[in-house]
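J.: If you scroll down you'll find the structure; I have some questions about it.
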Amino acid sequence: MFFRNIGMIEYEGADSENPYAFKYYNPDEFVGGKTMKEHLRFAVAYWHTFDADGKDPFGDGTMFRAWNRLTHPLDKAKARAEAAFEFFEKLGVPYFCFHDVDIVDEGATLRETFTYLDQMSSFLKEMMETSHVQLLWNTANMFTHPRYVHGAATSCNADVYAYAAAKVKKGLDIAKELGAENYVFWGGREGYETLLNTDMKLELENLSSFYRMAVEYAREIGFDGQFLIEPKPKEPTKHQYDFDAATTIAFLETYGLKDHFKLNLEANHATLAGHTFEHELRVAALHDMLGSIDANQGDLLLGWDTDEFPTDLYSAVLAMYEILKAGGFKTGGINFDAKVRRPSFADEDLFHAHIAGMDTYAVGLKVASRLLEDKALDQVIEERYESYTKGIGLEIKEGRTDLKKLAAYALENDHIENQSGRQERLKATVNRYLLNALREAPAGKETH
C-alpha cells in the first residue's frame with residue numbers, strides 16, 4: 001500500500017473538521033432525481049496525480065512518489081497503477097483518464113512502446129475487473145516528444161503523421177479493450193507559430209482526414225465510445241486550430257465530422273480563450289456538442305494554463321447550471337485535469353485537493369439544480385425577450401418579415417424604450433441560492 005495512513009474518504013457533512021472527509025459531496029444523496037455520483041461522474045487524471053513530479057521551467061521536481069522510484073519501465077508502471085487504484089478506491093471515484101505515456105513510459109522503438117502498452121493494458125484490465133473504477137476516456141500523447149515539434153496530425157512531416165496515426169490506432173485498441181466510454185483528442189501541437197512557413201489549408205485537411213480515419217477504425221473494431229475534442233487556444237502552440245468551442249464546432253461542420261464528435265471542455269482553456277467556462281458550455285450545448293469536462297481553474301493574474309483544483313463555488317454553480325440545462329452528462333463526466341501546487345508535494349495533498357474539488361462541484365450541482373427547479377432566472381429572461389412573443393417580434397422570430405416591412409415598421413415606431421438587463425439582481429439571486437445551500441447543508445452524515 002502507498003497510502004497506508006489514509007482510509008476511505010467518506011461523507012461527514014458540513015460541520016466536519018476531518019480533512020479526509022467530504023463536507024458536501026454525498027455520493028448517495030439524490031439531487032433532481034439522480035444521485036450526486038450519477039450526476040457528477042468524477043474522474044481522476046492519471047498524469048497530474050501519479051506522473052507529475054512538480055517540475056517547472058525554473059526548477060526541478062519536488063514530488064518524490066514512492067511508485068515512481070523503480071527504474072524498469074514496466075515495474076514502475078505497475079507500481080504506479082497499484083498506487084492509482086488504491087487512490088481511486090479510497091477516494092471513491094468511479095472513473096479515471098489517461099494518456100498512453102501516463103500508464104507506461106515509451107520504449108526505444110514504437111514496437112517496444114506498443115509491447116509495453118499491451119502489457120499495461122492487460123494489467124489495468126485485471127485491476128478494473130476487481131474494482132468499481134472504470135475508464136472515462138483515454139488518449140494518445142502527441143505533443144511531448146520532440147518528434148511532434150511541428151505537430152502530429154498537422155505536421156509538415158508525413159512520417160510524423162504516420163507515427164501519430166499508429167499511436168491513435170493503438171489508443172483505440174486500448175479503449176476497446178478497457179471499455180472506455182470516450183476517446184479524446186487534444187491538439188496541443190496542432191497549430192502554427194507563424195504563417196510565413198505554414199500551409200494552413202493542407203494542415204486542416206490533413207487534420208480532418210486524421211479524425212476521419214480514427215472514426216473509421218473505431219467502427220471497424222467495434223469501439224462505440226464517444227469521440228471528444230478538447231479545445232484550447234494556445235500553449236504550447238501559439239495559434240492552435242481548436243481555439244475554442246465555436247472554432248472547433250465550425251471545423252467539424254466544415255469537414256463533415258460533426259456527427260461523430262462532441263467536446264471535452266476545460267475551464268482553464270476557456271480562460272485562455274478569453275471566455276468564461278459557462279460561455280463555452282453554452283456554445284457547445286446549443287450545438288448538441290457538450291460531451292465532458294475537465295474541471296480546474298486558472299489564475300487570472302497569470303497568463304498560462306495553471307490547472308489549479310476547482311475551489312470557486314460561484315464558477316462551479318454556473319458550470320453545473322449549463323450542464324444540467326443541457327440534460328447532464330451521458331458518456332462524459334468531470335475529470336480533474338488539475339495538479340497540486342509545486343509546494344504541495346506530500347502524498348496526502350493529492351487527497352486534500354480532490355476532496356476540495358469534489359465538494360466544490362457537489363455544491364455547484366445542488367445550487368444549479370435548485371435554480372433550475374425554481375426557475376429562478378427564467379422570469380427575467382422571459383420578460384427581457386417578451387417583444388419576440390407578439391407583433392413584429394414574433395414575425396421576426398418566425399421568419400415572416402423582410403427588410404422593407406421592418407423599415408416601414410421602424411418609421412412608424414421610432415420612439416423606442418428599452419428595459420433594464422437586471423444583471424445585479426440576477427447575480428444577487430445566484431448568491432442567495434448559493435448561500436442558502438451552504439446554510440442548509442446537513443451538518444453531519446446522519447442528517448438527510
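Every residue gets a Cβ built from N, Cα and C, even glycine.
Swiss-Prot lists these features:
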type	residues	note
ACT_SITE	HIS99	active site
ACT_SITE	ASP102	active site
BINDING	GLU230, GLU266, ASP294, ASP337	Mg(2+) 1 binding site
BINDING	GLU266, HIS269, ASP305, ASP307	Mg(2+) 2 binding site
J.: Only counting partners 6 or more residues apart, tell me which same-chain residues put their Cβ under 8 Å from the Cβ of ASP294 (Mg(2+) 1 binding site).
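T.: Once residues fewer than 6 apart are set aside, ASP294 (Mg(2+) 1 binding site) is near ALA45, GLU230, ASN264, LEU265, GLU266, ALA267, HIS269, ASN335, PHE336, ASP337.
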J.: Is HIS269 (Mg(2+) 2 binding site) helix, strand or coil when read with DSSP?
T.: helix
J.: Which are the residues of the chain, GLU266, HIS269, ASP305, ASP307 excluded, whose CB is within 8 A of where the CB atoms of the Mg(2+) 2 site average out, their centroid?
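T.: Near the Mg(2+) 2 site, the remaining chain residues are LYS232, ALA267, ASN268, THR271, LEU272, ASP294, ASN296, GLY298, THR306, ASP337.
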J.: Using the CB centroid of GLU230, GLU266, ASP294, ASP337 as the Mg(2+) 1 site centre, which other residues of the same chain sit with their CB within 8 A?
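T.: Close Cβ neighbours, site residues excluded: TRP186, ASN264, LEU265, ALA267, ASN268, HIS269, ILE293, ASN296, ASN335.
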J.: Between ASP305 (Mg(2+) 2 binding site) and HIS99 (active site), what C-alpha distance do you get in Å?
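T.: Cα-Cα distance, ASP305 (Mg(2+) 2 binding site) to HIS99 (active site): 18 Å.
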J.: Counting other Cβ atoms within 10 Å of each residue's Cβ, which of the recorded positions HIS99, HIS269 comes out lowest?
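T.: Across HIS99, HIS269, these recorded positions, the one with fewest Cβ atoms within 10 Å is HIS99.
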J.: Going along the chain, which residues six or more apart from ASP307 (Mg(2+) 2 binding site) have their CB under 8 A from its CB?
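T.: HIS48, ASN268, ASN296, GLY298, ASP337, ALA338, LYS339 - these are the non-local Cβ neighbours of ASP307 (Mg(2+) 2 binding site), listed in sequence order.
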